[in-house]
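Worksheet: one structure, shown below.
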Amino acid sequence: MTARPSTPAMSSHRLSVAPMMDWTDRHDRFFLRLLSKRTRLYTEMVTVGAIIHGDKARHLDFSHEEHPVALQLGGSDPAQLAECVRIAEQWGYDEVNLNVGCPSDRVQNGMFGACLMAKPDLVARCVEAMRGATRLPVTVKHRLGIDDLDSYELLTRFVRTVSGAGCDTFIVHARKAILQGLSPKENREIPPLRYDWVRQLKADFPHLTLSLNGGVKSLEEARAHLAWADGVMIGREAYQNPYLLARVDSELFGETAPAPTRRQVVQGLEPYIEELLARGEYLSRVTRHILGLFAGQPGARGWRRVLSERANKPGAGMEVLRDALAQVPDRVLDEPATGPRSGSVAGPLDVGLADGIQAQPAVMAQEALEGAAQRRA
């Protein structure tokens, strides 16, 4: 268990990384924290049943370096959520977030996630119970609506009802969710983005803290939204091109300390990996999260190839990381984080989620472009 009190400097939602299943585990969050000290990080969604009846340490443990870090809960029973919030406070989290946005069938069958958009009164009871059980901030992440329940009037009713129960911070994924007929992946892409609804929501509820989520792929886009939004939450781009976070502290929070180079990030990760290996865990538990560190840069293909082919093998150790690093030119390792990434590619890096990582077609296309960048270098 880790415990450390929050501080006022940690309270900002100005820039955060979205909770993403199979991606934002504790190893990924430790890595991301090396890139930015101020970005707010979120756990993967953890169900109330897993916390109450499962291995609490496995689901909740984290490193103190991860602060500020929020626990995202999946559930709809007020009493169970209250119990989990009390546990989260004991564990040292800085915030507890209720998932009202996930559209997957499994989540719907558990009566939580996006389907709760149809039950604002139940969500309000959940929030009331959670707030009554903790001093931690209780926030809600939700969609614009679901299926045919997708009018702006229904959205405002949801926010008004839930805020009346004591929630003052909402993270709004600027799409509706289609619960039947679309996969979770399709629900992140097919329903159109409606940033105008979120902007109007902020105008109608100026006393609430509203963070925008959905489709943001650069700090330049984030900065534009921050002209009216209280915060921006970045999802897949922060995983697939994590080095963009190296600019966050200076550009969005006004920090004066220099951003870490990619070499410094890897060096900062080495003691963490060595400790993990000493416990008998696979190297790939960490390296699967850092494949995108050199996205769009010369040497990225070799970096990914070495880690993908060797890190998941029994006995793989620090030599694999060193060999992967040797694939990248020194100038890329040591260049400062400035401006939009150079060598940007047309499509996102499609990284595998299992320890045995396989390159997908999108990766192959990206590698062709990176090969051209390598030849120009």
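Here the Cβ of each residue, glycine as well, is placed from N, Cα and C on the backbone.
Pulled from TrEMBL:
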- 17-318: domain 'DUS-like FMN-binding' (DOMAIN)
- Pro19, Met20, Met21, Gln72, Lys141, His173, Asn213, Gly214, Gly215, Gly235, Arg236: FMN binding site (BINDING)
- Asn99: site 'Interacts with tRNA' (SITE)
- Cys102: active site, proton donor (ACT_SITE)
- Lys185: site 'Interacts with tRNA' (SITE)
- Arg188: site 'Interacts with tRNA' (SITE)
- Arg301: site 'Interacts with tRNA' (SITE)
- Arg304: site 'Interacts with tRNA' (SITE)
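Residues within less than 8 Å, Cβ to Cβ, of Met21 (FMN binding site) and separated from it by at least 6 positions along the same chain comprise Glu44, Met45. Lys185 (site 'Interacts with tRNA') has Cys102 as its nearest neighbour among the recorded positions Pro19, Cys102, Asn213, Gly215, going by CA to CA distance. Confidence over the domain 'DUS-like FMN-binding' (17-318), given as mean pLDDT on the 0 to 100 scale, stands at 97. Asn213 (FMN binding site) falls within a strand segment according to DSSP. In sequence order, Arg175, Gly214, Gly235, Arg236 are the residues near Arg188 (site 'Interacts with tRNA'), counting only same-chain partners six or more apart with C-beta under 8 A.
For Gly215 (FMN binding site), the same-chain residues lying six or more positions away in sequence with a CB closer than 8 A to its CB are Ala174, Leu193. Here the CA atom of Pro19 (FMN binding site) lies 9 Å from the CA atom of Asn99 (site 'Interacts with tRNA'). The distance from the Cα of the residue listed as 'active site, proton donor' to the Cα of Arg304 (site 'Interacts with tRNA') comes to 30 Å. Classification of Lys141 (FMN binding site) by DSSP places it within a strand.
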